[in-house]
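Let me begin by presenting the structure, written as structure tokens, before commenting on it.
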Amino acid sequence: MRVRLLEATENPEELICQSARNDYMSDWVGDTPLDTAMASVDGDTTDEKLSNLIAQLLTRGHYGPFEHPSATFAIEGVSRSCMAQLTRHRHASFDVQSMRYVAFDDVDPAAVAEGELVVTPPSATDPDWVGRNQDAGDIDEETMAEREAVFQASVRRAVEDYQELLGLGMPPEDARFVLPIGTEVNVVITLNPRSLMHVADMRAAADAQWEIRELTEQLLDAAAQWCPHTFEYYDAEMKHRKNRLAP
């Protein structure tokens, strides 16, 4: 799994703060320099003022200004299961790699058992891993080895069957039906800081599945490089308060 920031609003936190100050100014923000708009905010430098105002907005629950900037992220190599969870957040915009137009006919099925093309869940290899709705806890080495072997054989066979169906002339859009839900997919997502914080409220939580938790952490890390004061405050003061930022 990898996440990369593709494109984003420049100076997003200046935009957030200008938008927020608009609500309390008699002058038109369109004609007002940033320093003037921020004159009444505590801080010795513009950066301190931005940080302080952003903290105030988030503390008070004034989330509207965080909807003005937007960022687009490229996501590589998440499972179709994780993608389905992510795209339930309908306030974001998505493009998803197509299995109708992209055929995986050059993938070595032997490599699939080692993690290529199909995401391997931790419970397939880690005997100490405990997931939700799990029937058993600790397992012996023999059972763990059998579990891993069954998983690897299953995903390898699925890819072999998929490629055989392609060779028999079945279109990719139909042959894909035999591929597992763990098949990797690339996604492009666009959303604003408020929306991303809402995603994190739900998907960085302990009861979210491991893969989307990892994806959410990578999105937050990338967003912190773009919008640092916002996501540093969110991480320190607001993270894990589930659903507080519901749009």
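Using the three backbone atoms N, Cα and C, a Cβ is placed for every residue, glycine included.
These features come from Swiss-Prot:
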ACT_SITE  Arg203  active site, involved in ionization of N3 of dUMP, leading to its activation
BINDING   Gln85, Leu86, Thr87, Arg88, Ser98, Met99, Arg100, Arg176, Arg203  dUMP binding site
BINDING   Arg88, His89, Arg90, Asn192, Pro193, Arg194, His198  FAD binding site
DOMAIN    1-237  domain 'ThyX'
MOTIF     88-98  motif 'ThyX motif'
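For Arg90 (FAD binding site), the nearest neighbour among the listed recorded positions (Ser98, Arg100, Arg203), judged by C-alpha distance, is Arg203.
Take Arg88, His89, Arg90, Asn192, Pro193, Arg194, His198, the residues named in the record as contacts for FAD: the widest Cα to Cα gap among them comes to 17 Å. With respect to their backbone Cα atoms, Arg100 (dUMP binding site) and His89 (FAD binding site) stand 23 Å from each other. Neighbour density at the Cβ, taken as the number of other Cβ atoms within 10 Å, is lowest among the binding-site residues Arg90, His198 for Arg90.
The residue listed as 'active site, involved in ionization of N3 of dUMP, leading to its activation' and Arg194 (FAD binding site) have their C-alpha atoms 14 Å apart, to the nearest angstrom. Ranked by Cβ neighbours within 10 A across all protein chains shown, the binding-site residues Gln85, Thr87, Ser98, Asn192 are led by Asn192. Per-site Cβ counts within 10 Å over the recorded positions His89, Arg203 peak at Arg203. Looking at Arg194 (FAD binding site) and Thr87 (dUMP binding site), their Cα atoms lie 16 Å from each other.
Spanning the listed dUMP site, residues Gln85, Leu86, Thr87, Arg88, Ser98, Met99, Arg100, Arg176, Arg203 have a farthest Cα to Cα distance of 29 Å. Secondary structure at Gln85 (dUMP binding site), taken from DSSP and collapsed to helix, strand or coil, is helix.
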